[in-house]
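To start, the structure under review is shown below, and the notes come after it.
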Amino acid sequence: MAIPITVLDCDLLLYGRGHRTLDRFKLDDVTDEYLMSMYGFPRQFIYYLVELLGASLSRPTQRSRAISPETQILAALGFYTSGSFQTRMGDAIGISQASMSRCVANVTEALVERASQFIHFPADEAAIQSLKDEFYGLAGMPGVIGAVDCIHVAIKAPNAEDLSYVNRKGLHSLNCLVVCDIRGALMTVETSWPGSLQDCAVLQQSSLSSQFETGMPKDSWLLGDSSFFLHTWLLTPLHIPETPAEYRYNRAHSATHSVIEKTLRTLCCRFRCLDGSKGALQYSPEKSSHIILACCVLHNISLEHGMDVWSSPVTGPIEQPPEGEDEQMESLDLEADRIRQELILTHFS
């Protein structure tokens, strides 16, 4: 069980009680529009987070100068959604950038501790069948239980000698593996892979691969793009379709797989700390991976609370390292190829 951490308000220690603090900032004193513009979430959602994370962010104390869970959560949300520790964000709640940084660290760890509660594949057969039905209704692709893709998130260089995080654009990044359902809910998130790894290598070494290699529901597949190799449990598009049925398969595959592309764009637009618009995450790879995962947890909680996650403006494709020619090669897995051809003949001929 994680030990709750009490964060002290350094501004109070420096300036005394006359300095405005978040304990004097009341959510009920500001409008919903203000909360959305500054922190990206509505009032009731913030109250829910206070209830969910409060025990991890505070403990009984005689100190009067501890920053409240509410303060810490607002500071973290402000960073996640804006991507910076800008002065106006701290001023809005009466804390310094240093205090904001500590708040972000604590809220991030509290969310990461709860990741498995909000990010997981459904366990029962009825839920699995529901996934298949929903994906099939999108473009007629049978047996799909999730769409998978990778996304690079820029981080600061760990050190001059470590090149494992340098991606094909020559920038340092984490390559994150994500699986979503048709609603955009995240069912698998792995955020710690170094940016030098190609998508197919990330998948090969992932917990997701181990999970599906050891067993999966019958006639169930993930959909991946051409950066992945074909597997018995992962359907990829045909590199060179020849027959009408193969073209129909590729069109259905593309239309269905687009849900993960849309989800990743939306995730980065909602959480600007991920999109690089304010620069790379200025943390170690481990801390950066936790921040990414925390944003993913918030994304899923938003969906559970009925928030319209698609309403964030999406400006276009996320800039990512270029794919190499080797990523367009077909797998030599003969059994996987047989399964795909059988599916094409059965459902697209």
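Glycine is no exception: its Cβ is also placed from the backbone N, Cα and C atoms.
Annotated features, as they stand in Swiss-Prot:
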BINDING   D149, D199, D225, E261  divalent metal cation binding site
DOMAIN    148-300  domain 'DDE Tnp4'
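Taking the features listed in Swiss-Prot, we show where each one sits on the structure.
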residue: D149; record: divalent metal cation binding site; DSSP (3 states): strand
residue: D199; record: divalent metal cation binding site; DSSP (3 states): helix
residue: D225; record: divalent metal cation binding site; DSSP (3 states): coil
residue: E261; record: divalent metal cation binding site; DSSP (3 states): helix
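Residue with the densest Cβ environment among the binding-site residues D199, E261: D199, by other Cβ atoms within 10 Å.
Ranked by how many other Cβ atoms sit within 10 Å of their Cβ, the binding-site residues D149, D225 place D225 at the bottom. Each residue in V148, C150, G224, S227, F228, H257, I260 lies on the same chain as D149, D199, D225, E261 and has a C-beta within 8 Å of the C-beta centroid of that divalent metal cation site, without being one of the site residues.
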